[in-house]
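Feature list (source: TrEMBL):
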BINDING   B:Lys105  NADPH binding site
BINDING   B:Glu190  L-homoserine binding site
ACT_SITE  B:Lys205  active site, proton donor
DOMAIN    B:353-429  domain 'ACT'
There are 2 protein chains.
Amino acid sequence: MKEIGIALLGLGNVGLGTYRILANHAKDIERRLGARVRVRHVLVRNAGKSRPEDVPASLITHDMKTILEDKDVSVVVELMGGLSPSREYLEQAIASGRNVVTANKALLSAHGEALYSKALARGVDVHFEGAVCGGIPIIRTLREALASDRVESLTGIVNGTTNFILSAMANEGASYADALRRAQELGYAEADPTLDVSGMDAAQKLCLLASLAFSARVSPESILVEGITSLTPTDIAYGREAGYVLKLLATARRAPEGLDVRVHPAFIPAASPLADVSSAFNAVLLQSAALGASLYSGRGAGDLPTGSAVVSDIIDTCRNLLAGVSGRLPLPCPPHVHDVPLLSSGERRGPVYLRFSVSDEPGVLGRIASVLGEKGVSINSVLQRPPRPADSHATIVVFTHDTREADVAAAVQWIDSLRSTRAPTQVIRIEEGPGVLLASR
Amino acid sequence: MKEIGIALLGLGNVGLGTYRILANHAKDIERRLGARVRVRHVLVRNAGKSRPEDVPASLITHDMKTILEDKDVSVVVELMGGLSPSREYLEQAIASGRNVVTANKALLSAHGEALYSKALARGVDVHFEGAVCGGIPIIRTLREALASDRVESLTGIVNGTTNFILSAMANEGASYADALRRAQELGYAEADPTLDVSGMDAAQKLCLLASLAFSARVSPESILVEGITSLTPTDIAYGREAGYVLKLLATARRAPEGLDVRVHPAFIPAASPLADVSSAFNAVLLQSAALGASLYSGRGAGDLPTGSAVVSDIIDTCRNLLAGVSGRLPLPCPPHVHDVPLLSSGERRGPVYLRFSVSDEPGVLGRIASVLGEKGVSINSVLQRPPRPADSHATIVVFTHDTREADVAAAVQWIDSLRSTRAPTQVIRIEEGPGVLLASR
């Protein structure tokens with residue numbers, strides 16, 4: 001039986017998950033592939049770190065040179081994370097003619113195009129299913145199943161940490177800080193949660209997906225990214241009264257003026273299939289010309305889900321090696337991606353939820369309504385609550401009709417400067433779209 | 001630019017959808033593939049039938065020989081349906097060295113293994129994404145993404161017609177007959193709906209999916225298949241009171257005694273993501289060792305969804321032609337499928353819903369409970385309703401604990417023979433499983 005040698009870079013969560021799936025499913029993989037996949041090296045940077053018992057000491061190396069000089073290594077699998085030395089290692093692997101697999105979303109987001117171009121020039125494969133939504137084969141779906149189709153929009157819940165926190169806030173009325181603490185205790189959030197809660201992790205994933213779905217060059221720096229840190233259980237409760245669930249939504253859609261790509265919290269209809277995606281699960285809803293609506297959901301991350309995605313990439317690239325082909329699938333680099341106009345966020349139109357904290361005195365609602373009207377923000381419904389005994393302010397909640405974001409921003413800026421306004425106005429976008437696509441009985 | 005010639009067999013719904021996607025998305029496909037896909041022939045059997053305006057008359061042929069003799073045809077795409085002559089045509093195409101694509105589930109169900117084996121021997125590809133759940137890339141997912149994993153169970157709603165009918169019965173309290181009539185008027189059901197409502201269409205799809213997921217040889221004749229014709233809105237209403245939704249469920253799962261493969265109506269928890277799959281949508285829920293739970297949902301059929309699946313297959317097979325490879329993915333024929341023991345349906349254990357129609361007289365519930373106890377069927381809850389004025393009988397509904405199916409059948413047979421029983425007892429299985437996997441907020 002033929003044998004294909006691979007090297008794993010990194011033995012963290014995903015590295016170990018990958019190693020174990022390769023070991024535990026070896027027979028099945030062998031049968032499906034018609035060849036044996038043999039791990040020849042596992043690169044570990046920290047020599048002092050204790051090694052799991054099931055990884056033989058003979059496989060461990062601390063030197064990338066050992067791997068590059070082993071002629072029997074055909075595939076290099078990068079699972080170290082970070083930008084460096086993962087980037088250099090991948091470049092060396094590509095330059096030496098190895099096919100590579102990576103689950104490093106941050107790296108691909110920052111330097112993906114350069115890596116893909118090098119691989120294209122060198123005639124080797126790059127696979128990266130594990131980089132986005134580990135438990136959902138969404139990269140494969142976009143690269144292959146949707147190759148026949150024209151994607152109109154892509155809407156996803158692609159960050160498990162924020163989804164866990166928002167679910168906890170919704171279910172238990174917990175504050176953001178308490179929900180974050182629980183997420184950290186349970187291992188759903190890092191000690192420094194910034195990347196997740198700022199929306200940046202979701203933005204990196206979205207840009208990768210959008211580049212595949214729309215053959216477009218999109219970077220997190222060029223799109224609107226808002227995180228979840230200013231959200232409160234009060235907002236979630238008001239939204240629920242109106243039939244909405246609050247999610248951190250990643251959206252990319254074709255608009256007449258350009259591609260509209262954004263990450264921000266959004267109220268979505270409770271009947272939407274995305275509203276049911278809880279805790280550490282991810283989901284992606286595609287709308288495409290021929291297929292119509294299709295939904296993909298599964299675990300977002302974790303050693304085994306992501307490890308499974310990585311191993312399916314290893315199998316794929318081994319199939320190509322066995323067949324003696326490369327570059328079977330186009331990579332998201334030129335000539336397959338283009339610069340496209342992006343819709344400026346101020347030009348986006350849609351309904352929004354506004355929560356005003358105001359002094360409890362006559363005429364306040366009238367003033368707010370006047371400003372909104374002045375700026376062209378049309379009110380759909382209003383909810384005014386008297387201040388609770390402990391509160392120094394009253395709350396006015398407004399759901400608007402479709403409105404230009406720039407108009408909302410101008411109105412809010414004005415209202416926040418009024419003497420009667422006690423705290424900055426909360427603005428949350430409403431996305432009705434995902435509700436009507438697949439649902440409901 | 002290179003050009004790959006293809007021939008379409010059949011110009012019905014899916015044939016025309018395929019033709020139009022190839023035409024409308026030609027530029028995108030060309031860019032992604034790096035080659036042009038050119039339709040050289042469209043085989044139409046009925047010469048008299050009117051041809052859509054956008055298909056040039058010069059492409060139409062009535063003779064398979066024209067296609068086989070055209071050296072520039074590299075891919076034959078069978079979209080005629082039926083068992084013959086589609087089988088002979090595909091065999092001829094394979095024998096002449098053409099890669100083939102088919103969306104013919106019935107044919108694959110009956111003669112798939114023979115076709116795959118011929119293709120394997122001849123070194124050509126067979127692709128069949130369009131054969132099952134057109135709008136969901138589930139074949140691709142099982143063949144590629146899950147190649148790294150071990151599928152534990154597969155639960156699907158894979159027949160849009162029955163899903164539409166059951167949704168209509170649930171939403172409007174319509175009788176089966178009325179809901180079927182509406183489905184026929186709207187084009188969701190055929191004039192002869194037998195294949196769908198008997199569960200046989202779902203069984204054919206399930207067996208295809210199971211053969212891929214479990215590398216097992218499973219045929220519709222060897223599994224339990226029950227349709228929806230005896231279901232009533234009354235049952236749906238009783239189930240709803242207990243928190244269930246009624247679906248035609250296709251299930252395959254590993255059990256210690258063998259593979260448990262079945263198609264039948266089942267009550268599933270209303271919180272299950274499968275409960276939300278309405279009307280003409282399909283969904284497949286996978287549980288696998290590494291990935292955990294993952295859900296795939298989209299339109300089940302239709303010219304464009306299925307056409308899109310067919311075109312993605314055409315692109316895939318063209319990629320292989322351009323790379324000069326074939327047999328990249330294993331086909332579900334020996335050596336990749338095996339005979340495996342199947343769990344006999346009587347041995348299956350699970351809760352069931354029983355609706356008894358009995359005469360309204362003392363002691364009836366006691367007799368029924370005694371028989372159930374005698375046969376080892378343990379009661380979870382009971383609901384007894386007095387007869388409505390118009391009815392000649394009272395209704396007793398029992399939800400059982402986990403029970404062997406053979407024991408339920410024996411108890412029901414006994415109870416149906418009692419003098420106090422007025423109509424055959426309704427038995428509906430309950431599947432709690434799909435509820436706990438992905439849900440819920």
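A Cβ is built for glycine as well, from the same backbone N, Cα and C atoms used for every other residue.
Curation plays no part in TrEMBL annotations; they are all automatic predictions.
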Please give me the CB contact count at 10 A for B:Glu190 (L-homoserine binding site), counting all chains in the structure.
13
What is the number of other Cβ atoms found within 10 Å of the Cβ of the residue listed as 'NADPH binding site'?
21
Compute the C-alpha separation of the residue listed as 'active site, proton donor' from B:Lys105 (NADPH binding site), stating it in Å without decimals.
7
May I ask you to report the DSSP-based helix, strand or coil state of B:Lys105 (NADPH binding site)?
helix
So if I draw a 10 Å sphere around the Cβ of B:Lys205 (active site, proton donor), how many other Cβ atoms end up inside it?
26
Residue distribution over DSSP helix, strand and coil in the domain 'ACT' (B:353-429):
23 helix, 31 strand, 23 coil
Once the DSSP letters are reduced so that anything not helix or strand counts as coil, what is B:Glu190 (L-homoserine binding site)?
coil
